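Features as listed in Swiss-Prot:
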DOMAIN    97-290  domain 'ATP-grasp'
BINDING   124-173  ATP binding site
BINDING   245, 257  Mg(2+) 1 binding site
BINDING   257, 259  Mg(2+) 2 binding site
């Protein structure tokens with residue numbers, strides 16, 4: 001079976017997407033299938049993709065996670081990995097996500113702006129783009145000068161920016177994979193960056209972050225995480241895999257965002273969580289391919 005891997009695109013996460021695609025390509029080949037790389041920006045992409053009935057989506061950021069690529073594939077009648085357009089839209093737009101869930105799960109207080117406003121929170125606080133990933137454009141703001149500089153910088157690049165309460169605690173990531181129509185919670189990862197926070201450089205530079213599996217998390221924390229996971233899965237329709245980024249403080253779990261097309265690089269969170277559960281990268285990819293086979297058979 002030929003399996004096209006859709007990668008690249010024009011987003012600011014293009015390079016991460018290409019790295020994910022390389023890893024998935026090698027794994028699909030190891031599993032005995034025939035992988036094909038298709039770059040979303042190729043002129044003949046639409047003609048090429050119509051030769052297949054299934055596609056592996058590793059386009060991070062714009063197009064891949066904002067619902068546009070899944071919408072195109074559905075129009076073409078092509079099954080694909082990861083979540084449907086509606087779920088992608090509701091999670092990639094961080095303010096829509098906040099608005100949907102702020103009354104049901106713990107989240108940092110957040111406001112949206114498209115201009116320079118008075119700081120709504122005491123320093124430090126966070127600013128981040130309304131729509132972006134891999135911590136692009138995310139800054140911890142400590143004073144007025146930083147606020148003006150980084151807010152103006154983000155507004156020029158992203159048009160709309162979230163100003164968010166800073167919750168100082170332990171950064172964790174919560175990964176789920178789908179197997180036999182059921183989502184499995186993988187071991188929680190504690191993220192320990194050597195920088196002030198888990199920014200783009202810390203995520204994708206070897207040695208700048210320790211990803212520490214929490215194999216014996218307190219039952220109280222696991223229960224809260226399961227409640228969060230169950231609530232978002234009852235509200236939105238996920239497929240194959242997804243990841244929740246959160247802050248753990250005083251036994252409370254504060255949800256930051258959800259990633260519907262998790263990174264699959266050697267340094268990415270979800271494969272690290274899977275490995276801590278005894279699931280190799282090849283096994284992870286095979287589970288996802290088997291999900292497709294089950295969907296088609298069903």
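Backbone N, Cα and C define each Cβ position, glycine as well.
Location within the structure of each feature annotated in Swiss-Prot.
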{"residue": "124", "record": "ATP binding site", "CB count, 10 Å": "16"}
{"residue": "131", "record": "ATP binding site", "CB count, 10 Å": "21"}
{"residue": "138", "record": "ATP binding site", "CB count, 10 Å": "21"}
{"residue": "145", "record": "ATP binding site", "CB count, 10 Å": "9"}
{"residue": "152", "record": "ATP binding site", "CB count, 10 Å": "13"}
{"residue": "166", "record": "ATP binding site", "CB count, 10 Å": "17"}
{"residue": "173", "record": "ATP binding site", "CB count, 10 Å": "23"}
{"residue": "245", "record": "Mg(2+) 1 binding site", "CB count, 10 Å": "18"}
{"residue": "257", "record": "Mg(2+) 1 binding site", "CB count, 10 Å": "17"}
{"residue": "259", "record": "Mg(2+) 2 binding site", "CB count, 10 Å": "23"}
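Taking the C-alpha positions, the distance from residue 131 (ATP binding site) to residue 257 (Mg(2+) 1 binding site) comes to 11 Å.
When the Cα atoms are compared, residue 257 (Mg(2+) 1 binding site) and residue 145 (ATP binding site) turn out to be 27 Å apart. Counting Cβ atoms from all protein chains shown, residue 159 (ATP binding site) has 11 others lying within 10 Å of its own Cβ. Note on the domain 'ATP-grasp' (97-290): mean pLDDT across this stretch is 91. With residue 245 (Mg(2+) 1 binding site) as the anchor, the candidate binding-site residues are 124, 152, 159, and the one with the nearest CA is 124.
Each residue contributes its Cα atom, and for residue 145 (ATP binding site) and residue 259 (Mg(2+) 2 binding site) those atoms are 31 Å apart.
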